[in-house]
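Chemist: Pasting a structure here, questions to come.
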Ligand code: FDA
């Protein structure tokens, strides 16, 4: 077992840990990053599957994600816009298909008015709640005791309006059923993206991609750290006192003044902390869990939907694939669709054989774009729930009542141990932007508190 010493040891080579490591290194501290996998990037992963380059984890960048945009620019990476010319498609409760442009789904005038009213109402609440301390809002406890589904039921009897508004947070963001998390958690999700209106606007939230894939961000960040990134080193144990810690992985141990645990909170309990973490931490971590979503790529010889005047953007809370987009790569003549299957729909599909699952998903896509979807040249399902060092997607959220009960403690360091990941970010929560912001803030915490 190799033993080395550093000022700071970082557990996890995702966007968050690597950002913190670079900031600390730039400030003159010595660092080492221990990564369990044999690659960097965590939930960012670009893979070549049957000759197609697919971003099987996070990929989109939106204009409010300033920390991510700055990082992309600093690293000299190029971006390109998602294809969005032409009509989007919506499938309503009785299976009828309608083309539309803009953000508002083509629903009846009454439902549209209800959706507009709800969006304005939620935007107002979200502006008050904010992304930083939602638990401090005077109504935080009340909103944390009612599910997102119940809260929407209290606001309107229009089922289609409710289903559509629920989708933007439930299936599309937290990837949990709308009865499994609180209204307060939903407001935090929207606040972290600037407003609920931003989440409704696919052109805003899914704006740009990085040429070569978003994993280039952690790959470049790791390249700058050179030999101080150690792959294939799952951290098993952290022994700590107020003066520092020893972090033990499978093949090495590192002593340092500070530790940054930059892994999603559902994995904290895989590390043996000695002494055990304080009561509130041990409790809190049991209330944070990842959602479940299957990200599906289907590649075709050509983007045939474009010829039919379609943008590739499709939505329906009533379809297996609740949202889908044109995900064709930069400078690639082939056409790629990406679709998402969330929470209980994903549960059911995972009980099927791979062939039957593929058939159901492609059939759902055919409802949006026609029978040509049934025969892709490449087909791939990302299943992050089977990834030992992630266990779900996209990120963690609290169960009912957890956010106002524990949220104030989620960033508290424990002795020399600091926490950094997108799952506990404010702006950019659940997103790469939040991972980078937490990485920066955690580095600043350590630099502010340094006794090195
Ligand atoms: P992340 O999980 O990436 O990194 C943690 C690292 O710690 C991993 O490398 C892991 O292997 C390692 N690790 C865990 N336990 C360890 C241990 N004990 N010892 C050592 N290492 C350990 N975001 C976005 O902005 N735009 C998007 O379009 C999407 N879309 C999207 C799709 C899908 C399918 C997923 C899964 C996710 C997204 N996201 C996204 C979310 C985004 O990818 C995510 O929020 C960030 O990449 C998280 O970065 P972190 O560094 O916080 O954690």
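Glycine is treated like the rest: Cβ placed from N, Cα and C.
Here's the feature list from TrEMBL:
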type	residues	note
DOMAIN	16-447	domain 'Amine oxidase'
BINDING	16, 35, 36, 235	FAD binding site
BINDING	340	substrate binding site
Chemist: Look up residue 235 (FAD binding site) in the DSSP assignment and reduce it to helix, strand or coil.
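Modeler: Reduced to three states, the DSSP call for residue 235 (FAD binding site) is strand.
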Chemist: Among the binding-site residues 35, 36, 340, name every one whose Cβ is found under 6 angstroms from ligand 1, counting any of its atoms.
Modeler: 35, 36
Chemist: For FAD, what surrounds 16, 35, 36, 235 with a Cβ no more than 8 Å from their Cβ centroid?
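Modeler: Leaving out the recorded residues gives 10, 11, 12, 13, 14, 17, 33, 34, 37, 42, 233, 234, 262, 263, 389.
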Chemist: Looking only at the domain 'Amine oxidase' (16-447), what is the model's average confidence as pLDDT?
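Modeler: Result for the domain 'Amine oxidase' (16-447): average pLDDT 97.
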Chemist: Compute the C-alpha separation of residue 35 (FAD binding site) from residue 340 (substrate binding site), stating it in Å without decimals.
Modeler: 28
Chemist: Where residue 36 (FAD binding site) and residue 340 (substrate binding site) are concerned, what is their Cα separation in Å, rounded?
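Modeler: So the alpha carbons of residue 36 (FAD binding site) and residue 340 (substrate binding site) sit roughly 27 Å from each other.
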Chemist: Do me a favour and check the Cα-Cα span between the residue listed as 'substrate binding site' and residue 235 (FAD binding site); whole Å is fine.
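Modeler: Here the two Cα atoms are 32 Å apart.
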Chemist: Can you tell which of 36, 235 has the least company, meaning the fewest other C-beta atoms within 10 angstroms of its C-beta, among these binding-site residues?
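Modeler: Counting other Cβ atoms within 10 Å of each of the binding-site residues 36, 235, the minimum falls on 36.
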Chemist: Return the count of C-beta atoms lying within 10 angstroms of the C-beta of residue 35 (FAD binding site), excluding that atom itself.
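Modeler: Here the count is 29.
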Chemist: Mind giving me a neighbour count for residue 340 (substrate binding site)? Other Cβ atoms within 10 Å of its Cβ, every protein chain shown.
Modeler: 23
